[in-house]
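S.K.: So TrEMBL says this about it:
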type	residues	note
COMPBIAS	476-487	compositional bias 'Basic and acidic residues'
COMPBIAS	532-546	compositional bias 'Basic and acidic residues'
COMPBIAS	651-663	compositional bias 'Basic and acidic residues'
COMPBIAS	681-694	compositional bias 'Basic residues'
DOMAIN	14-376	domain 'Nucleolar protein 10-like N-terminal'
DOMAIN	377-425	domain 'Nucleolar protein 10-like second'
DOMAIN	503-530	domain 'NUC153'
REGION	472-494	region 'Disordered'
REGION	532-588	region 'Disordered'
REGION	624-694	region 'Disordered'
Amino acid sequence: MALHGGSLKSTSINGVKIYTVSSQHRSLATWLAPKKQRALRKDKSYQQRVELIQDLWFETATTKIKATPDGEYLIASGIYPPQIKVYELRELSLKFERHLDSEIIDFKILDDDYSKLAFLCADRSVYLHAKYGKHYSLRIPRMGRDMAYDCWSCDLLCAASSPDLYRINLEQGRFLTSLNTQSPALNVVCQSQLHGLVACGGEDGAVECFDMRVRSSVGRINAVAPAGDIDQEVTALQFDDEGGFLMAVGSSAGNVLLYDLRSSHPVRVKDHMYGSPILDIKWHRTLNSDQQKLITTDNHIVRIWDPETGDGMTSIEPTAGKINDICVFSNSGLMLLALDCSQIPSYFVPDLGPAPKWCSVFENLTEEMEEGAQTTIYDNYKFLTKQDLEKLNLTNLIGTNLLRAYMHGFFIDYRLYKKAKALADPFAYETYFEKRKQEKLQAELAHRITIKRRLPKVNRTLAENILIKEEEEAENEKKDAEESEKKKASKKKKGLSSDLLEDDRFAALFRDENYEIDELSQEYKALHPMASEKRPSLVEEHFDPVKEDEDQSLSDTDASKASESSEDEPDNNNNNNIRKKSQAPKLYEIKDERHAEAFWNHISLAKEDALPIGERVAALGDDRRTGIPSNVKFGPGGSREISFISRNSAKYKEDEEDKDVRREKRRGVQSLGLKSQRSVFKGHGKGNRGRGRR
């Protein structure tokens, strides 16, 4: 352990201190120039670094990390490139590293040290390594997900994306008969070191146990259903190391269920409150506690809790990246996390156990190197903002002991939060269930083989309609075939089929542009009065419907009267009135003068309104329509400007003289030598036979 005057960050969760040792800084190369080594003296972060193990990092991410049973070596796998690193803990340094062809999904330590290793890779390969390197490699039929080793029979058990549990006997060097399960695929497999029972967790949420002496199933239960996790998967399994009667099951919904093998109901259910799958479960026994502790891990947090009471002891939540794996040293309080980043941080919990023998000095230096400030975190609480409280109708709890103000929100007990959420949204489970069904249907449809046909360039709509009708006819034929036992299928004339596209006689119809159908022509409209594509009407575009309050109130009262008079009087008259009201002509109101002018000219303004405002103003400035005087100036927004000069009185006199001349030219009664008798008729009749009054 290398100390360079640094300090340890401590966090207090539920009164339990956690010391963090972050190996964020890479080790210094031995061949580095002395000038560069002296330049690092000014680097404050480098001078305050704390290194637990030298070169404890990977280039991109760490996938798995485990300690050998003898506690002398640490083995970690990571990317990129895919490789493994073996560290000798006595020397606190890297012993060797090896590179593989594919990414490592999981690996098992087959001996007390690193002399025998088995690697399960992403290309369905299983690599067997010895001290000298690669010994042998083989492939399994399906993609592997987890491994377990039976030390009594030397069988390597591989869980894969199939219902079979593959058995590879390392003593005989061959495959043995697989163990058949009822699950569609297996996610995890584990074996008890006390009674040898093998448990498999499947995608359907079931756990099935096998007795390796008879190689048959001895029991199967739906392990995740009691927690309300329907359609969830089993992602983690682990047996108790002391009595062997307890089994912890982790689900993909973030719940941990504790089972007694003698009962089908869980003894305890623990919620991680993150909703992410449980990655790993470990039973941990230390000298500081009488009872075992459960260490459960998901992608976000590591929780340490008591399996008997369910109370949480403490939790670890790294911020550098998602958690991929955890390594806890036996009979110790030191643990390492494999994160989705280059660093591998280590955490020491004194209340969980002492430091290991290879870093016993670390336990004495924790209090000396501890920073002054501590961070206090509330466990089993949910942080909510004021907006979240309004959605849950919990604003009346502000100021009470049930809410604890913190920064811009409040802390609330997680159990109270779950109850309030269930009351506020009672149909949340139904919506979630429907969502899961749709996701499964889409996943099944994605695996189906679909034939994609290329449409021709000419008459694409015609070809598309032919293919759609053909698919509908095929579906109808399937339905008729299913109902043929009860009813005989009616013979229907088949229309145009896809064979028309491949027929040489009609090839020019979809290749030659001269045969392209003009949907805007009068002949096409006469044969197809109902267009397939609904085009917006000019009336709907330029007019707004007028709704009169009086008519609407009258229609409502008529409808209410019709419903009330259904028992006493016949409602035929009322229904007729309502029908007349519904059949009355609709009234529309023009939007503005611009829309009125466009409607008069049978022009649509949809494309013009879709243009940006700058282009619309420029178009209005350049607009010069016919029939408008030349002295009219166009302004922005459709405005007009005109200037004129007032005329003098001489021009008005000339206009009056022109009117007198026009009156004399008209043929009247005086030109015929007759007397006018205008006073006789007071009406406006036509001639003597008029209908005027005397």
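Quick reminder: no glycine exception, Cβ is built from N, Cα and C everywhere.
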S.K.: Against which stretches of its own chain does the domain 'NUC153' (503-530) lie, if we need a Cβ under 8 Å and a gap of at least six residues from its ends?
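M.R.: Long-range Cβ neighbours of the domain 'NUC153' (503-530): 456-459, 461-463.
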S.K.: For the domain 'Nucleolar protein 10-like second' (377-425), provide the mean pLDDT of the predicted model.
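M.R.: Overall, the domain 'Nucleolar protein 10-like second' (377-425) comes to a mean pLDDT of 78.
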S.K.: What are the DSSP helix, strand and coil residue counts for the domain 'Nucleolar protein 10-like second' (377-425)?
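M.R.: Residue counts for the domain 'Nucleolar protein 10-like second' (377-425) by secondary structure: 20 helix, 15 strand, 14 coil.
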S.K.: Using DSSP, how many residues in the domain 'NUC153' (503-530) fall into helix, strand and coil?
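M.R.: Counts, helix then strand then coil: 16 helix, 0 strand, 12 coil.
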